[in-house]
C-alpha cells in the first residue's frame, strides 16, 4: 500500500503545479478501497420505462413514505427484479432527489394538480417543500383552487342543470348569471339604468337652479323641483326593493345572503328613503335626515354587480388583506412617531401650529402621502429636518406593498380572462355538437326522402339479409344453432307454423310444396359452420297421423319433464303425438326453468336413400323433431 502511494506521489505533485512528468514505466494501479455493504443493496426503480437506481438505505431514511416502507414490495416484479411504478418519471426525479438530499423542490413547469397527485401517491406531504419553492407552490395551488371553484360554479349554473332546477334556483341563477335568459338580461339592464339614474339624481339635486318666487337666495334643484326628484327617487327605490326581495327569496342561504357585503349595500341604499317617509319635517330631525341622505351615495357600489373590473378590484383587495393590513399598521406607527417628534421639535416656536400631538397627525399624514397642502409647515430647523425624513419614509412605506397589490390584481384579472375564454370555448363546443346533431338528423331525413336508403337494397336477397341483420341477435344465433344441428345429425328441425301448414295441405289433398320444410331450405338462413352428415331415412308407423303423411313424422316415445322442487312428470305416448290443438297449453308463468328430456325409440332397419330431398311429393323420411319455444 505504501509503495503504491509513493509511486503516485510525483504525479500528484506535478498535477498540482499544472504539468505532468513523463513516466518511465507504466503507472501503477490506483489504490482501491473495498466498499462493504452488507445490509445495503442497490434498488432499481422503473417508473413508466425510465430506470432509476438508488441504495436501499437512501429510501429507508423516511420509513413513513411509500418507497421507504415495506409497501413498495407490492410493486416488485420478480422477473425483472425491479420495482415498477406507472407514474410520471419527470416528477419522480424530484421525489427521488428528496430521498437523496432531504430537500423537496417544486418544478415550475409541471402542473400543480399532477404534482399533488404524485406527492400523495408516494406518501409525501406538501409542507416539506423547501423554502425556495414553497411560496410559489402556495400561489399556484391557490390559483388552481380558485379556477376549479369557478369551473364548478359555471357547471352548476350551466344550461345542462336547467331541467332539474326549481323555480327558486332559476331565479337565483338569473340574478347571478343574467346571460342565461332574455328576461334576466332585460332585468339586468333595467336595474343598471336605474342605478345610474339614482346616482346622477343624487348629484344633480345639489346644483343651484335659481331662486323660486318669493325667495332671494338660490335654491338647489332638489328643493326647487322636489316633487320631480321625489318621484324619480321613489321609482328607483321601488326597483331596488323588488330586486332585494327577489334575491332574498331566491338565495340558497338567506343567512349568508343577509350577512354579505352586497346585501348590506342594498339595504343602506334603500333604507334612507323609507326612514324619510316616516320622519316629520321639523328642525329636530332635519339633521339626522340629512345624514341618512348621505347614505344614498352607496348606491354606486351596486355597479359592482354590473362591472367585471369592479369585481376584480374587490377580489384583489380581499386577497391582499394581509398586505393592506401591514401597510395600515406601518403608516400608523410612522404617523405616531413623526407626529410626536414634530410636536417637540416645534414646541419652542411661537408661530408654530403644532399645538398638540393629535394636531400634528394631520401634517404627518399629508407629508407621508406626499400631498403637501401647506396649511401646516415647520418653522424650526429641527422640524424641517424631521419633516424631510417623514416625507422620505412615507414614500418607502407606501411603495413597498404596491407591487404585491398590482401583481395580485394582474393575476386575478388574467384568471378571469381565462375563465371567460374557457366558458366561451365550452359554449362554442356545445353549439358545434348541437349543430352537428341537428345536421346529421336533417341529412338522414333528407336522404330517406330521396330514396337513398332504398336504392342500396338492389335485390330481394339483399333486402332479406338487411331485415335479418336488423332482427334480434338471439333469434339469429338460435337459427344458426338449429341449422348446425340439422347439418351434423340425421334430424330435420321444422318451424311449428310451417309444419302445421304442411300437414293441412296433405290432409286436404293439396299437393305440398316441392321444397323441404326444414330450416336449411328456408331463404335468409346463413350458412353453417359445420359439415353435413350423411342422412338416413327411417320408416316408423304412427297411429295418430293420417296415412298420407304417416311416414314423414317420427313418433315420440316418452318425455320426462323435470321441474325444480317437484316430482318428475311423464306424458303418455298418445298425448305426445297428438295434434297441436289437442295438446295442453304450457304454463309459462312459473319463475323456474323446466328441463325436458325427449326419448326417441330405436329405429328399425334403415332403407338408405339419397342424401338430397326425395323425388316423391311426400316429406322426407328423416326424423322430424317438432320444436316449441318454452
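Glycine is treated like the rest: Cβ placed from N, Cα and C.
In Swiss-Prot, the feature region 'Interaction with KCNIP1' is placed on 71-90, out of the ranges 51-70, 71-90, 91-110.
Membrane topology per Swiss-Prot: residue 119 and residue 321 share a side, carrying the same topological domain name. Within the listed segments 310-321, 346-357, 358-369, Swiss-Prot records intramembrane segment for the stretch 358-369. Per Swiss-Prot, the range carrying the annotation transmembrane segment out of 10-33, 130-153, 154-177, 322-345 is 322-345. Counted with DSSP, the topological domain 'Cytoplasmic' (250-256) comes out as 4 helix, 0 strand, 3 coil. Beyond its flanks by at least six residues, the intramembrane segment (358-369) meets 331, 334-335, 338-340, 342-343, 376, 387, 390-391, 393-394, 397-398 of its own chain at Cβ-Cβ distances under 8 Å. Comparing local CB density within 10 A for the binding-site residues 111, 132, the maximum falls on 111. Between the CA atoms of residue 373 (K(+) binding site) and residue 111 (Zn(2+) binding site) there is a gap of 52 Å. Apart from the site residues 370, 371, 372, 373, the chain places the Cβ of 366, 367, 369, 374 no farther than 8 Å from the centroid of the site's Cβ atoms, the recorded K(+) location. Residues near residue 133 (Zn(2+) binding site) in space but far in sequence (CB under 8 A, at least 6 apart, same chain), listed by position: 105, 106. Through the fold, the topological domain 'Cytoplasmic' (250-256) approaches residues 168-169, 171-172, 175 of its own chain, all at least 6 residues removed from its boundaries and within a Cβ separation under 8 Å.
Mapped onto DSSP helix, strand and coil, the topological domain 'Extracellular' (346-357) counts 1 helix, 0 strand, 11 coil. Of the recorded residues, residue 372 (K(+) binding site) and residue 132 (Zn(2+) binding site) place their C-alpha atoms 42 Å from one another.
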